[in-house]
Amino acid sequence: MSSLLSAPSALREDALRRLKREMWARAVKLGLRSWVGWRRGFTSKADPQRSGRVTAEVIEHLERLALVDFGSLEAVARLEKAIAFADRLRAVDTDGVEPMESVLEDRCLYLRSDNVVEGNCAEELLQNAHRVVEEYFVAPPGNISLPKQDEQEPFSHI
Amino acid sequence: MLGRTLREVSTALKQGHITPTELCQKCLSLIKKTKFLNAYITVSEEVALKQAEESEKRYKKGHSLGDLDGIPVAVKDNFSTSSIETTCASNMLKGYVPPYNATVVQKLLDKGAVLMGKTNLDEFAMGSGSTDGVFGPVKNPWSYSKQYREKRKQKAHGENEDSNWLITGGSSGGSAAAVAAFTCFAALGSDTGGSTRNPAAHCGVVGFKPSYGLVSRHGLIPLVNSMDVPGILTRCVDDAAIVLGMLAGHDPKDSTTIQDPVKPFTLPTSADVNKLCIGIPKEYLAPELSSEVRSFWSKAANLFESEGAKVIEVSLPHTSYSIVCYHVLCTSEVASNMARFDGLEYGHRCDINVSTEAMYAATRREGFNDVVRGRILSGNFFLLKENYENYFIKAQKVRRLIANDFVNVFNSGVDVLLTPTTLSEAVPYLEFIKEDNRTRSAQDDIFTQAVNMAGLPAVSVPVALSNQGLPIGLQFIGRAFCDQQLLKIAKWFEKQVQFPVIQLQELMDDCSSDFEIEKLSSVSLKQ
């Protein structure tokens with residue numbers, strides 16, 4: 001990756017595009033085909049029974065924010081029902097009412113004194129992680145965002 | 001012995017009629033026999049026997065730690081338990097072994113309780129049936145009771161005995177089933193929208209939800225930080241009071257616990273009922289309420305009146321919006337709380353390694369079930385910039401209105417509210433799964449979730465059996481931090497209704513000696 005950073009920008013972009021393609025190829029092999037596949041199905045067939053609040057844009061936005069996918073049309077339908085259910089709140093008159101964050105709002109939150117009383121348990125904590133190197137949790141590179149729907153390659157060549 | 005109350009067994013232990021190890025072994029053997037209920041995810045046999053041994057040593061020396069010493073208990077699997085797998089019934093945490101004990105678990109262990117195991121639940125405590133965990137659904141012990149089976153024989157002949165088993169309610173169904181089936185004397189549940197009281201009503205046990213801020217949430221894997229509370233499930237109100245006495249109090253590790261001092265208390269048998277004012281919220285008379293529950297509710301109100309209590313109708317005007325408000329706030333907080341599961345530091349991790357986002361997405365897809373994912377997505381929707389004001393802030397405002405409703409009612413002189421806990425008795429699993437999780441939760445939490453939004457204490461007490469031979473419970477709601485008074489009233493009521501003991505025929509035949517009513521010289525229910 002370090003050589004990628006020092007290459008001229010055009011080459012870098014090309015390499016990034018290749019990397020994204022590889023990523024998607026692998027993701028598909030590992031079974032995320034259905035994730036992308038259902039979304040294609042979604043855009044091509046409009047379900048007349050749905051209210052249309054949850055558009056393709058909203059779906060993509062939510063999936064990106066939540067890093068959790070809908071997975072099926074039913075899940076979208078469930079979200080629409082959930083939104084319709086929540087819309088009932090509009091009927092309540094809340095003029096002049098302050099939002100309530102906690103039932104203990106009239107009390108002071110307890111803060112303990114700033115003294116170290118526990119810790120030094122790195123080894124114990126690292127045991128629960130799948131990938132560690134010495135005292136580090138190992139994460140994949142963080143500067144690559146999930147590709148947008150229109151950047152996906154067609155599946156015919158895979 | 002297993003059919004006794006906590007207090008009675010504790011006395012028996014102190015007097016040497018039974019040893020902690022014997023008690024532990026009986027419970028372990030019963031757990032094995034009731035494995036088909038699927039109430040336990042993990043049975044911590046070795047740990048339990050070791051704890052029982054240590055308890056025995058203490059009793060021999062005369063240094064018992066108190067009423068809980070040597071008593072078998074179970075803990076819902078969303079409480080962290082050191083060195084014991086904690087899964088929240090999810091693939092995301094399968095194999096996760098916490099390095100620490102939740103404060104409430106630590107308190108139980110410090111008082112000598114013997115941990116039998118971790119009980120089953122809906123995945124991440126999201127649900128009202130205990131049917132949506134990865135380890136399968138929990139079966140209601142009453143499905144196998146003599147009382148239910150006899151009623152069924154009159155209706156269906158030649159039906160496969162096990163095909164139409166009943167749900168326990170949820171999400172603390174495993175804990176409720178464990179207590180109802182006599183495999184432990186007390187169990188911890190969690191209560192966010194009724195998750196302790198709902199299964200308690202369906203399984204015929206006492207389900208107590210303390211005031212928010214009374215019991216520490218440290219170590220309870222959070223669902224909704226502003227509403228979660230550890231719940232207590234026992235076979236009688238007195239036992240719940242004993243456990244509450246051990247658990248309540250400020251915890252420096254949970255800054256949402258109040259700092260007022262809390263002392264353990266003993267509940268008196270009398271409750272000065274003629275000085276009480278009982279409120280009956282009229283909006284809780286829902287059209288979907290079963291006629292049987294309504295009739296028991298009415299009888300209970302009459303019972304209080306006949307003892308001289310003032311029973312009045314009160315109004316909680318925003319009741320019809322409370323389930324909607326709960327839905328928005330719950331999914332929003334869930335969306336935030338579930339963000340911690342990314343596979344990096346603990347829990348499931350997928351094989352994709354090309355980028356953090358792809359890894360997180362795939363991990364979360366593999367780790368969470370549809371229900372959890374659905375709530376995360378709904379929550380994220382309500383928290384979007386364009387929706388924040390109209391949904392999340394609006395719901396917070398409605399929450400204040402709901403909490404104020406309760407404050408107004410209690411300020412008008414009402415001591416305690418009496419309501420149903422559930423719409424009807426437990427339904428068969430095959431019936432329950434016809435609707436999706438969100439619909440069911442919206443239906444089943446109707447009487448219980450407003451209490452969580454206001455942070456009040458509440459308890460579900462089993463009242464009587466329905467025409468089908470299944471338990472029905474009623475709920476008492478108290479003023480904030482008046483848990484002791486609430487339990488006092490519940491205890492009096494429990495004594496009046498004399499709810500029948502479950503008759504688990506097959507189990508009784510095998511271990512009949514455990515259920516014989518032994519005459520112990522100085523043990524008596526009357527104190």
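Here the Cβ of each residue, glycine as well, is placed from N, Cα and C on the backbone.
Copied from TrEMBL, the annotated features are:
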DOMAIN    B:25-145  domain 'Amidase'
ACT_SITE  B:LYS76  active site, charge relay system
DOMAIN    B:166-487  domain 'Amidase'
ACT_SITE  B:SER171  active site, charge relay system
ACT_SITE  B:SER195  active site, acyl-ester intermediate
| Residues that sit under 8 angstroms from the residue listed as 'active site, acyl-ester intermediate' by C-beta distance, when 6+ apart in the chain | B:ALA125, B:SER128, B:GLY170, B:SER171, B:SER172, B:GLY189, B:GLY231
| What is the total of other Cβ atoms whose distance to the Cβ of B:LYS76 (active site, charge relay system) is within 10 Å? | 32
| query | In the domain 'Amidase' (B:25-145), how many residues does DSSP assign to helix, to strand and to coil? | reply | 47 helix, 19 strand, 55 coil
| note | B:SER171 (active site, charge relay system), Cβ-centred 10 Å count of other Cβ atoms over all protein chains shown, is 37
